[in-house]
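Noted in TrEMBL for the protein shown:
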DOMAIN    27-153  domain 'Alcohol dehydrogenase-like N-terminal'
DOMAIN    197-328  domain 'Alcohol dehydrogenase-like C-terminal'
Amino acid sequence: MKSRAAVALEAGKPLELVEIDVEGPKKGEVLVKMAATSVCHTDAYTLSGADPEGLFPSVLGHEGAGVVQEVGEGVTSLKPGDHVIPLYTAECGKCKFCLSGKTNLCGSVRATQGKGVMPDGTSRFSLDGKMLHHYMGTSTFSEYTVLPEVSLAVVSKEAPMDKICLLGCGVTTGIGAVLNTAKVEPGATVAVFGLGAIGLAVIQGAVMAKAGRIIAIDVNEDKFELAKQFGATDFVNPKKYSDPIQQVIVDLTDGGVDYSFECIGNVNVMRSALECCHKGWGESIVIGVAGAGEEISTRPFQLVTGRVWKGSAFGGVKGRSELPGYVERYMNGEINIDDFITHDMPFEKINEAFDLLHEGKSIRTVLHY
Ligand code: NAD
Ligand code: AHE
Ligand code: ZN
């Protein structure tokens, strides 16, 4: 079938709005008609060419919601008409990872996902007869997309898809990093580096966890207003200080924070986020994604003296079993999604959504198909 799509033909170039060919679902696969998608910084990162797993030409996009159109042979857990959120972190429930009880990472489709193909090693997308790669197992920048069954969470039909699409990455990642990865406790002091959708969702999670003090840090002070609305208590622009930002935070907090979150993808800030943690117990969670070849460093003494460095993927959330609950919590007012959506546009304006993100003018732009 034909499908409207925004194709990443090469790194560093705007997406091309074209009509691509989409093959129907094969064994264990599902065809989904996307209703809405948004743009996460990770899409921009991959399009920039900085992603070691980035492949071109490809159909990017991983934050979306849609409706199942057709299921392939052997698919039993979904049916046409089901409302779904694509998952870049699958959940098969059977692999070593899923059975470990220790992680939300799933091994079932991750290897082929990283190679831009379906689990059978082939692509369902082409343009003028030339194969296009899938992306993160989701490719939400095509109106019709094909995913493995294990990469879809079935959610309530009552929920507005142009809102819950944000649960496909940004909102879930930030909240989950606080509640699942860090397990922030009531009264804790938290520092959040980077106030895009991920950082704001961390602030929302910290409020849910009843953190005592939430320090919001960004070089773009325009982000402070929304951070305050989400519940941040202190606001710091590192550019305004001559001391390293970790020293500024340590001085502000009588020795350092209990938890810090890096929500930028900057390895220097990752170091600062670790080193602003309190001696003996402070934990720093890396959420930001750094470019190919980048590495983190610190003095091992920082760890010897009790600081902990951790990472978080999709907030430690198991998508198929837990995302329906996140949707319910949005529907009953426990999770705020609406305030992340600073812009709404037709899908065809997707390159404007990338521009707004790069310019620091948007949190999330929702694109409607
Ligand atoms: P965003 O671009 O909307 O937000 C980043 C924020 O960081 C901006 O407000 C920017 O002004 C701020 N910033 C940039 N440099 C800074 C600095 N030196 N000091 C302080 N603030 C600075 O991005 P986003 O969509 O919120 O994504 C944030 C990061 O999280 C990206 O790296 C993205 O790839 C990553 N991410 C990771 C996961 C995961 O599961 N681990 C999920 C989603 C996104
Ligand atoms: N491909 C990159 C890493 C990208 C990455 O870290 N992705 C995050 C999700 S970002 C969503 O916006 C993640 O969860 N990773 C876990 C996984 O299995 O991909 C690289 O460096 O190779
Ligand atoms: Zn994302």
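Glycine residues also receive a Cβ, built from the backbone N, Cα and C atoms like all the rest.
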- What is the pLDDT of the domain 'Alcohol dehydrogenase-like C-terminal' (197-328) when averaged and given as a whole number? 98
- Note on the structure: Helix, strand and coil residue totals from DSSP for the domain 'Alcohol dehydrogenase-like C-terminal' (197-328) stand at 60 helix, 22 strand, 50 coil
- Which residue counts does DSSP give the domain 'Alcohol dehydrogenase-like N-terminal' (27-153) for helix, strand and coil? 21 helix, 39 strand, 67 coil
